[in-house]
Amino acid sequence: MSRLKRLAVSKPQELTMSSKISPLLICFFILHLSAAASVRGRKIGIYEIKKGDFSVKITNYGARIISVLLPDKHGRIDDVALGYDTVEEYENDTTSFGALLGRVANRIGGAQFTLNGTLYKLIANDGANTLHGGPEGFSRVVWNVSKYEQDGPYPHITLTYHSADGEEGFPGDVLASVTYALEDPYKLSVVMKAKALNMATPVNLAQHTYWNIGGHNIGDILSNVVQIFASHITPVDEHLIPTGEISPVKNTPYDFLKPREVGSQINELQSGYDINYALDSSAEMKPVAIVHDKKSGRVMDLQASAPGVQFYTANSLIQKGKGGYVYQPHAALCFETQGFPDAVNHPNFPSTIVSPGKAYTHKMLYTFSIMKYWNSY
């Protein structure tokens, strides 16, 4: 299986931010986000980690990525993550822009599961099902900042959250953490961890950034070239709950084993892509996907330790975002690496149960680069 062929890939030229993007706009964005500042008396903050002209901003509200600034092939700096201008907009968000999802990301069918002989009934927030941990989940709470280094050799931030026994119906106390860190050259590392403190419980953490590597406000991603390193998907029913099958992608619109444009077969689907892929590799860090935006030259290469990835093309998105720009359907791509959806109700899926004394770790590594010259894939 061939990966995207690269010609003349190079580290983007370092630029002073002021040469390509207005400092007034950056200040306006940060001031707006930091203006409103608490949920239930807990302070919300905005934290930047930065390496040269590579910058990521995170809020402890939902442990969200709220912006990712990167240069393109011409040295222009763009924000490649969809999001909002104000904390209030994130508090009212229904899209999960940039959020850290848990206790169990994706869907649990019937909002219930049985574990060790006990039936647990969850809060349904997606019809009769539970989505992304419930109506609050981990994305609508304020996380604690335990470590923070803005720049230097290892810019990083670690956030923690204690999920109480019975929260959204899940059993046992869970201590969760996420560390966002910048590495050379142009790498963003995401490390999610969790400990079950007193009872066995399902855990499936996922990062839900909406990516448009051409720039958050440039339109749709249908011309992005994508490769996904997975030969199988987990088909779903009309409510997007897995049937339990693991089916090959060959001769279907879901086949991205060879790189092709997102829009090349999207019309064969009802509204777009929203499906879990079973990744082929059994390595600790697996190749997940590569995305190339031809106009900007940017490439995003994702690796992760999880067994699956939800590929989502923002099919029903209509949302006013940063700078008043209105995001439309297919304005972004999500690659949510994860355990399989509804795994608690499908014994043939990789288990998502975490017991006391058993560590849960989910690693992601985004590598950004520039492809200067277009060539045939």
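Think of each number as a place in line: the chain as shown, counted from 1.
Placement of Cβ uses the backbone N, Cα and C atoms for every residue, glycine included.
Lifted from TrEMBL, the feature list:
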- HIS208: active site, proton donor (ACT_SITE)
- GLU336: active site, proton acceptor (ACT_SITE)
- ASN106, ARG107, HIS208, THR209, TYR210, ASP274: beta-D-galactose binding site (BINDING)
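Sequence features annotated in TrEMBL and their locations in the structure.
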residue : record                        : contacts (Cβ under 8 Å, 6+ apart)
ASN106  : beta-D-galactose binding site : LEU131, HIS132, ASN204, ALA206, ASN276, GLN310, GLU336, GLN338, PRO341, ASP342
ARG107  : beta-D-galactose binding site : ASP126, ASN129, THR130, LEU131, HIS239, LEU240, ILE241, PRO341, ASP342
HIS208  : active site, proton donor     : SER96, PHE97, GLY98, ALA99, LEU100, LEU101, ALA105, HIS132, SER139, CYS334, GLU336
THR209  : beta-D-galactose binding site : ILE65, VAL68, ALA81, LEU82, PHE97, GLY98, CYS334
TYR210  : beta-D-galactose binding site : ALA81, LEU82, GLY83, THR95, PHE97, GLY98, ALA314, LEU317, TYR327, ALA331, ALA332, LEU333, CYS334
ASP274  : beta-D-galactose binding site : LEU240, GLN310, PHE311, TYR312, THR313, ASN315
